[in-house]
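Okay, so here's the structure we're looking at.
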Amino acid sequence: MYKLAIIGSGDLGQLIAHHAINDRHYEVVGFFDDFKNAGEKVGLSKVIGSTREIFEKFSEGVFDKIMIGIGYNHFQYRKDWYNKLKARIPLGTIIHSSTYIDTTCKVGEGVFILPGCVLDTNVIIGDNVLLNTGTTIAHDSMVKANSFLSPRVAVAGFVSIGECCNIGINTTIIDNISITDFVQTGGGAVVVKNLQQPGLYIGVPARLKSKN
């Protein structure tokens with residue numbers, strides 16, 4: 001079993017550790033965290049160093065793969081770490097055993113797919129994407145790198161979701177929609193037209209509330 005390290009020991013880092021262990025994906029060796037001391041026990045594992053030590057620890061064989069436990073409040077920092085790591089350290093991927101993924105789908109590296117998700121034919125999931133519990137993505141749709149889809153998001157066919165998007169809980173996106181990078185939707189939003197400007201969209205139908 002591969003040894004997994006996680007950047008960040010907060011809520012998302014703990015969630016990754018939980019499913020890595022309980023769904024039998026990886027042995028979790030610990031967290032890299034700049035705000036806690038090495039050796040400190042945090043939840044399901046311990047801190048093994050700061051982010052400055054990641055490449056050194058990898059070269060020493062402390063871990064085999066790494067995942068980024070940095071949440072949607074820090075998308076640019078999450079993306080920066082992905083870019084630093086992707087050519088130098090293998091990224092871990094967790095696809096929960098209860099998820100249905102059609103054989104025609106393509107799933108990138110560093111992806112975290114939580115229980116109960118459904119990915120239909122020809123869906124493409126980019127690197128470092130998180131699909132939260134119960135998300136459904138219909139045929140021929142794409143989620144680009146570094147984006148988050150919250151619980152019970154429903155995506156119809158032929159949809160494209162850009163990079164670093166945060167699609168809120170229970171959002172519904174009808175077919176043939178294109179969403180640009182750095183878009184956030186509020187809970188329960190219904191997207192019925194292309195979202196071409198970064199910002200927060202809320203309501204039914206979804207309308208721009210604030211620009212990034």
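Just so you know, glycine gets a Cβ as well, placed from its N, Cα and C.
Automated prediction, rather than curation, is the source of TrEMBL annotations.
Listed in TrEMBL for this protein:
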- 3-85: domain 'PglD N-terminal' (DOMAIN)
- Gly71: substrate binding site (BINDING)
- His139: active site, proton acceptor (ACT_SITE)
- Asp140: site 'Increases basicity of active site His' (SITE)
- Ile169, Gly187: acetyl-CoA binding site (BINDING)
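Location within the structure of each feature annotated in TrEMBL.
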residue: Gly71; record: substrate binding site; CB count, 10 Å: 18
residue: His139; record: active site, proton acceptor; CB count, 10 Å: 17
residue: Asp140; record: site 'Increases basicity of active site His'; CB count, 10 Å: 18
residue: Ile169; record: acetyl-CoA binding site; CB count, 10 Å: 18
residue: Gly187; record: acetyl-CoA binding site; CB count, 10 Å: 12
*Taking the Cα atoms as reference points, how far is Gly71 (substrate binding site) from Gly187 (acetyl-CoA binding site) in Å?*
17
_Rounded to the nearest Å - Cα separation of His139 (active site, proton acceptor) and Ile169 (acetyl-CoA binding site)_ = 20
*asked:* Distance check, please: Cα of Asp140 (site 'Increases basicity of active site His') against Cα of Gly187 (acetyl-CoA binding site), rounded to an integer number of angstrom.
replied: 24
